[in-house]
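Quick look at what TrEMBL lists:
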type	residues	note
DOMAIN	10-40	domain 'DUF2510'
TRANSMEM	49-70	transmembrane segment
TRANSMEM	76-95	transmembrane segment
REGION	106-136	region 'Disordered'
COMPBIAS	106-115	compositional bias 'Basic and acidic residues'
DOMAIN	174-250	domain 'HIRAN'
REGION	393-412	region 'Disordered'
COMPBIAS	401-412	compositional bias 'Acidic residues'
Amino acid sequence: MTEGPLKAQAGWYTTETELQVRYWDGAEWTDHTLQLPPRAKAPETTSGLGCLGTFGWIIAGVSVLIGLGLLSNGGWSILGGIIFIALPVAGYILINAPILGRKDAEPEAQQEKVSELVTTSPDGNHLAPPPVGEPVEPWGSMRDELEIVGEAYRPDAFRALWDGQLPTNRNGAEFRDVAQIVADFGNPYDSHALAVWVRGQHVGYFDRDTASEWAPYLRDVKRAGGYLEVPARVWAAAREDRVAARVTVRLPNPDELMAANTPPKDGVTLPRGSMIQVTKEEDHMAVLTRYTNGTTLPLAVTLHAIHEIRARSATETVEVRIDGERVGILSPTQSANLLPLVKYVEERGQTAIAHATLKGNSLKADVTLDVLKAQDVPDVWLAALGPKTVDLNRPRRPEYEWDDDSSREERS
């Protein structure tokens, strides 16, 4: 295969491997390949005299007999006999000369295969583009579930997901992972088509109505060089004559795809998990009213471990900020759930970023976090942040004993 179809449009292209195609993203080859179903075999035809068929053999035999008869008569009949015998012999040589010659000829040098654009598989199915670029995770809360369509037309994809060992029991098997949603606007059946991929397999599409609603947002994601990535649940089972499968994905509202503000670039986004209500928002309405619009708004907030100074003590808690400005704190219970995680991130020189939603108006506003509690965060996620690099030495306010007699005397 050549280095690539230079200056060619993005798409699936043939490779040196029969029935395999590879995706060219318009600039370079990707790691995405597809194994196509085999083509239907064309009826085999016999070469040489075999292609004459029974009728041809009869004509040839009659010609030879006539030729032999003419030869026996002498005179000009000898010439006619030679002609009648020579005709079928010459036909045999002409038909089989290429075949006979190939047996002794040296093999021709193999030509390097040039990649050709492939838009459909041998069975006529449209080939959807794979996920290429950077994954984009929706920022808003993914409350809605969508069951995709078209799984029945892709049994090989589900066989591949189970390494060819699909369960045959009634309950089947399932797994949870992420799905990639890719704009397939070149689809001949729907110009708003959105393809769904799981673990490198094209498993189906959004239904037409949902695809039409999401298409403008996915167009923006595609222009930015990315694709949507959302949680998914995949179920499948082998039946006697088919593969039964179901894929469900979780989505936010389309207008909650992106955060209304810009998440910090130097932070770590905490995994989603529990809905946690922020407190004391009423003390920060001057900040919150700059964002409220009467609807639910997705926001990126930062979480900070602080010592809240109170009348007689300093309490460690979690402070919530939007674009660097305080908008509330967590209750003692929820602070206990998140403090170990926030401090763990800060000890590695990072800022903890959380998904949040803001709902309200100029009178009242509520901020809700969507974040996994410290005790539920997987160890593999924690290990990925690396070793501790910062010591958190925050000064504490002295614990004054306001009712102590000696202190009153000193103040007097």
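Backbone N, Cα and C define each Cβ position, glycine as well.
Predicted automatically and left uncurated, TrEMBL annotations should be read as such.
Taking H, G and I as helix, E and B as strand and the rest as coil, DSSP gives the domain 'HIRAN' (174-250) the counts 16 helix, 41 strand, 20 coil. Across all of the domain 'HIRAN' (174-250), the predicted model scores a mean pLDDT of 94.
For the domain 'DUF2510' (10-40), DSSP puts the residue distribution at 0 helix, 16 strand, 15 coil.
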